[in-house]
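The structure under discussion appears below in the form of structure tokens.
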Amino acid sequence: MQSYKYDKAIVPESKNGGSPALNNNPRKGGSKRVLLICLDLFCLFMAALPFLIIETSTIKPYRRGFYCNDESIKYPLKVSETINDAVLCAVGIVIAILRIITGEFYRIYYLKEKSRSTIQNPYVAALYKQVGCFLFGCAISQSFTDIAKVSIGRLRPHFLSVCDPDFSQINCSEGYIQNYRCRGEDSKVQEARKSFFSGHASFSMFTMLYLVLYLQARFTWRGARLLRPLLQFTLLMMAFYTGLSRVSDYKHHPSDVLAGFAQGALVACCIVFFVSDLFKTKTTLSLPAPAIRREILSPVDIMDRSNHHNMV
């Protein structure tokens, strides 16, 4: 007699003994999805909390003195800025988010790429991950910037023009002057103590470098070899010009801009390579192995087959 044994792929069981497909609880999955989204929003809020506290409160920067013969803080105050805060935020955020939306829709609609997210709609899931990572990086970058500004309190190039100290009450022969009184508007004086490091340089470098790395990961069309590098270098030149304009506007020292570039680039690289999945290798799910029939022979069958081969 011959008997057959089937080896079947083992399906992992859930806690109550059944397969995952049979134990899929929609209500439990929905509550877990909401919990994860709330956790992400909480993390985003905590990342932006230092920035929000410093910008909306009366926290004053460190009060630093000066030298009377310091030429680096004697520049005039320019009323107009080459790139103001509104333009910086609008261009940096809008361009990046629009490009991310376009890239993710193309990836899902035309390339038919799937997502393992708990969010069922693939478009919403992709935008949630990529835009969420970008906004998280913006919050981290701005929090770093504001912490440095209030902690160091470096004087801007136009500090003396804004402060307008009474030099008749100051003895410049003492060298470093710490006891002085500013006759200028207090809000402008406090802002003139936030030179290091440049927020425009750090924000523009973060947004543009993040978009450069996003294009490197998502722009896979090989039709025009120089199109992607052209777009990437254009974005970097926009960030570079933004930082340099702060020097010509007498808002920052050159070292402030360089430090801002370095901080923005560092945060962008950390977010792209350690937080997002842009450059992570995608693993494919392997299908269960088919059932394999193995023939089990009894001792009598083995002897019969042996005799048959000997006769042949």
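Any Cβ shown, glycine's included, is placed from N, Cα and C.
Marked as topological domain 'Cytoplasmic' by Swiss-Prot: 1-33, 107-123, 216-226, 280-312. According to Swiss-Prot, the phosphoserine annotation covers S19. Residues or ranges marked as transmembrane segment by Swiss-Prot on the basis of sequence analysis: 34-54, 86-106, 124-144, 195-215, 227-244, 259-279. Summarising the annotation, Swiss-Prot assigns region 'Phosphatase sequence motif I' to 149-157 and lists similarity to another entry as the type of evidence. The N-linked glycosylation site annotation in Swiss-Prot covers N171. The region 'Phosphatase sequence motif II' feature in Swiss-Prot is assigned to 197-200. Swiss-Prot lists 245-256 with the feature region 'Phosphatase sequence motif III'. Feature annotation from Swiss-Prot assigns active site, nucleophile to H252. Taken from Swiss-Prot, the feature region 'Mediates interaction with CTNND1' covers 276-312, and the record attributes it to similarity to another entry.
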Residue counts (helix, strand, coil, in that order) that DSSP gives for the region 'Phosphatase sequence motif I' (149-157): 4 helix, 0 strand, 5 coil
For the topological domain 'Cytoplasmic' (216-226), the number of residues DSSP places in helix, strand and coil: 3 helix, 0 strand, 8 coil
Tertiary contacts of the transmembrane segment (34-54) (same chain, 6+ residues out, Cβ under 8 Å): 118, 132, 135-136, 139-140, 142-143, 145-147, 149-150
N171 (N-linked glycosylation site): secondary structure state under DSSP, collapsed to three categories: coil
Same-chain residues near the region 'Phosphatase sequence motif III' (245-256), Cβ under 8 Å, at least 6 residues beyond its ends: 72, 75-78, 81-83, 154, 156-158, 195-198, 200-201
Distal contacts, the transmembrane segment (259-279) - CB-CB under 8 A, six or more residues away: 129-130, 133-134, 136-137, 140-141, 144-145, 148, 196-207, 209-210, 213-214, 217-218, 239, 243, 252
Same-chain residues at least 6 beyond the ends of the topological domain 'Cytoplasmic' (216-226) whose Cβ lies under 8 Å from its Cβ atoms: 103-104, 107, 232, 272, 278-279
Secondary structure content of the region 'Phosphatase sequence motif II' (197-200), with strand meaning DSSP E or B: 2 helix, 0 strand, 2 coil
